[in-house]
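Annotation comment: Swiss-Prot describes R133, R142, E176, K177, G178, N179, R203, R232 as GTP binding site. According to Swiss-Prot, the 5-phospho-alpha-D-ribose 1-diphosphate binding site annotation covers R186, Y238, P239, I240, L241, S242, T243, G244, N245, T246. Residues or ranges marked as uracil binding site by Swiss-Prot on the basis of similarity to another entry: T299, H300, F301. Residues or ranges marked as compositional bias 'Polar residues' by Swiss-Prot: 13-26. The phosphoserine annotation in Swiss-Prot covers S25, and the record cites similarity to another entry as its basis. If you look up Swiss-Prot, you'll see 1-41 marked as region 'Disordered'.
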Amino acid sequence: MATELQCPDSMPCHNQQVNSASTPSPEQLRPGDPILDHAGGNRASRAKVTLLTGHTHCSLPAELDAGACVGSSLNSESNSGSGDSSSYDAPAGNSFLGDCELSRQIGAQLKLLPMNDQIRELQTIIRDKTASRGDFMFSADRLIRLVVEEGLNQLPYKECMVTTPTGYKYEGVKFEKGNCGVSIMRSGEAMEQGLRDCCRSIRIGKILIQSDEETQRAKVYYAKFPPDIYRRKVLLMYPILSTGNTVIEAVKVLIEHGVQPSVIILLSLFSTPHGAKSIIQEFPEITILTTEVHPVAPTHFGQKYFGTD
């Protein structure tokens with residue numbers, strides 16, 4: 001299950017329980033104190049400074065200041081938000097969600113896949129400037145599949161009864177009908193196959209949004225949806241959330257077609273704190289599912305995936 005980001009008002013944002021024998025007890029810590037964590041699989045050889053925000057452990061890269069990503073322009077903000085910028089970013093460290101206030105503002109609408117070494121390796125290859133296109137696409141497709149499967153887990157199911165080959169009655173569940181996918185062209189199309197691999201008959205719509213050359217604002221050039229999309233739950237696919245402007249325009253188009261924000265689940269691979277915050281502020285009922293929140297997003301994704309870098 002994805003991790004919901006919460007920061008209850010009834011308790012301090014920091015000083016949650018830590019699974020480390022060498023870590024001081026919560027009573028000995030003050031809000032904001034760093035905790036040295038020397039445990040953890042392949043990362044045992046390097047201590048990492050961890051800030052505990054709500055129920056999520058957010059590790060801060062050494063080269064970034066703890067307040068750098070909140071209320072300030074990001075390195076990727078110069079892009080249009082289309083996720084197709086040709087510039088490469090420096091390989092990122094662990095996820096960073098900003099301060100407690102950001103977590104309060106975003107809340108449970110932002111869900112993170114549980115971090116493990118497999119996901120971190122895929123993220124590393126995608127961010128690696130020297131990775132071959134073959135390795136990049138292979139890793140991207142694997143990460144997309146993980147995000148899509150967790151996205152399907154957010155959809156409604158209903159109980160059902162089936163009969164096994166031996167005549168045994170088995171109580172299980174099945175999807176409730178009425179789901180569809182919508183990809184934001186062009187980088188969102190990279191996620192379509194991952195969705196079809198999990199749902200062979202699902203209908204997929206498309207939106208093309210680009211920045212206007214004069215105003216630099218996102219502009220809708222094309223939109224094609226299932227005719228009854230207003231009755232469906234929507235998996236909106238866009239791998240990189242930088243400014244959030246492109247997604248905001250896409251959601252506005254969906255609303256114009258009768259879709260309620262509460263039935264939209266945004267599937268992405270990487271998000272900046274600014275992008276996630278902007279979307280949730282505009283549409284508080286939308287759900288965002290991603291693998292990482294970090295000030296620097298790999299905005300070269302679309303160009304490298306489709307071989308136009």
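Heads up, the Cβ atoms here are built off N, Cα and C, so glycines get one too.
Small disclaimer: the values here were computed from a predicted structure and weren't measured.
A gap of 11 Å separates the Cα atoms of T243 (5-phospho-alpha-D-ribose 1-diphosphate binding site) and T299 (uracil binding site). Nearest by CA distance to N245 (5-phospho-alpha-D-ribose 1-diphosphate binding site), out of the binding-site residues R142, E176, F301, is F301. When secondary structure is read from DSSP and collapsed to three states, R142 (GTP binding site) falls in the helix class. All protein chains shown were included, and the count of other CB atoms within 10 Å of the CB of R142 (GTP binding site) stands at 16. Among the record's GTP binders, R133, R142, E176, K177, G178, N179, R203, R232, no two C-alpha atoms are more than 38 Å apart, and one pair sits at exactly that spread. In this entry, R186, Y238, P239, I240, L241, S242, T243, G244, N245, T246 make up the residues listed for 5-phospho-alpha-D-ribose 1-diphosphate, with the farthest two CA atoms of the set 16 Å from each other. Put simply, T299 is the one of the binding-site residues R133, K177, G178, R203, T299 whose Cα lies nearest to the Cα of P239 (5-phospho-alpha-D-ribose 1-diphosphate binding site). Taking the Cα atom of each, L241 (5-phospho-alpha-D-ribose 1-diphosphate binding site) and T299 (uracil binding site) are about 9 angstrom apart. Classification of N179 (GTP binding site) by DSSP places it within a strand. DSSP assigns L241 (5-phospho-alpha-D-ribose 1-diphosphate binding site) to a strand segment in the three-state reduction.
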